[in-house]
Amino acid sequence: MTTIGTPLSPRATKVMLLGSGELGREVLIALQRLGVETIAVDRYDNAPGQQVAHHARTIAMTDPDQLRALIEAERPDLVVPEIEAIATPALEALEAEGVTTVIPTARAARLTMDREGIRRLAAETLGLPTSPYRFCDSLEELTAAIEGGIGYPCVVKPVMSSSGKGQSKIDGPEGVAAAWEYAMSGSRVSNTRIIVEGFVDFDYEITLLTVRARGADGEIETRFCEPIGHRQVSGDYVESWQPHPMPGTALERARQIAGAVTRDLGGQGIFGVELFVKGDQVWFSEVSPRPHDTGMVTMVTQWQNEFELHARAILGLPVDTTLKSPGASAVIYGGVDAEGVVFDGVDLALRVPHTDIRLFGKPESFVNRRMGVALAFADDVDTARRNAAEAAGRVTPRAV
């Protein structure tokens, strides 16, 4: 039986989020609705999640001493990483010492903090199908890897980055140097290591939200949400929709792959498993042990959205992955480089049938920064996609 205390009391159930962007913000809201005391941590002040949490803390999360000191001072029941750029060795040590519990596990946080750990686990340990790949530490190694078998076209990514930063496709030798420089500029930390992947000729890519939660008998069960289709530009999510139609054989294979990798990572919570699909063939791409940006569509498509599923699962509560309606999401971009922007056209956006919006409250806007998302539900995915895109296009951030 799960017992939850009263926030801001000696018996409070305390959860600390490491990373407090738009996804963390929604997790914090879901936790608070269940009576949890929340601590939002980020590298800068006034991050979206810090605006709604009981407590806000700002530290360099890649500094193991700062991270340990904060966790030892706050003594949260659970520590929930929401980003990759964290001093994971400190989390592993604190978990081993019994200071706190890391979600889903400290090992999972370490393996998924960069593309190398999770790719080696999936391809080399679990034997899951992936694109051909090499890891490189220099432009010379990258060139040799491509010429030595990866070939063109190929995709280059920093081993540690988020939201598509530093990711590019190379169609020929003339693009190699520029791709290397772009990858270096997009890395989340001072790391010169990249992954180069052979291009998979897929029909589409999906996110399969996979939930590990306790069932009625107390044992951990794996459940799957309906597949989420998404469109990316330069590796960054632009729109997503649910459900994405798939042949039964491909869907079963996708669930087998997602189940295998999340079972090995262990723990409880939601995982965003990214997969390439061509006909009945499925390839593993990446996994995040947390809610996924493409999964924001679940705020209008599921009875329990991905943030509520994560909150429930980590607290040991029952989950329900049932789809209630087809729907879509579309990104609202900053459009300007400015602090403290205002948003025009919110009323116009909400006049589009069956739509809603989320503005993330980011303190600073950039031209291509994700500042919000439009959501729409409809009788079919195509209508929902059109309506979400229309609503997003009516919102205009403006510098003041």
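Quick reminder: no glycine exception, Cβ is built from N, Cα and C everywhere.
When secondary structure is read from DSSP and collapsed to three states, R370 (N(1)-(5-phospho-beta-D-ribosyl)glycinamide binding site) falls in the strand class. Annotation source Swiss-Prot lists N(1)-(5-phospho-beta-D-ribosyl)glycinamide binding site at E22, L23, E82, D293, K362, R369, R370, citing sequence analysis.
What Swiss-Prot records for R115, K157, S162, S163, G164, K165, G166, Q167, E197, G198, F199, V200, E205 is ATP binding site, and it gives sequence analysis as the kind of evidence. For the recorded site, G166 (ATP binding site), the DSSP three-state label reads coil.
The feature Mg(2+) binding site is assigned by Swiss-Prot to E274, E286. Packing around E274 (Mg(2+) binding site) is summarised by its Cβ count: 19 other Cβ atoms lie within 10 angstroms of its Cβ, all protein chains included.
Positions annotated as domain 'ATP-grasp' by Swiss-Prot: 120-315.
Cα of R370 (N(1)-(5-phospho-beta-D-ribosyl)glycinamide binding site) to Cα of G166 (ATP binding site): a distance of 16 Å. If you take the CA of E286 (Mg(2+) binding site) and look 10 A around it, you hit none of the binding-site residues from E22, E82, E197, D293, K362. A 10 Å cutoff on Cβ-Cβ distances gives D293 (N(1)-(5-phospho-beta-D-ribosyl)glycinamide binding site) a total of 23 other Cβ atoms nearby, all chains included. The Cα of D293 (N(1)-(5-phospho-beta-D-ribosyl)glycinamide binding site) lies closest to that of E205, out of the binding-site residues R115, E197, F199, E205. Here the C-alpha separation of E197 (ATP binding site) and K362 (N(1)-(5-phospho-beta-D-ribosyl)glycinamide binding site) works out to 33 Å.
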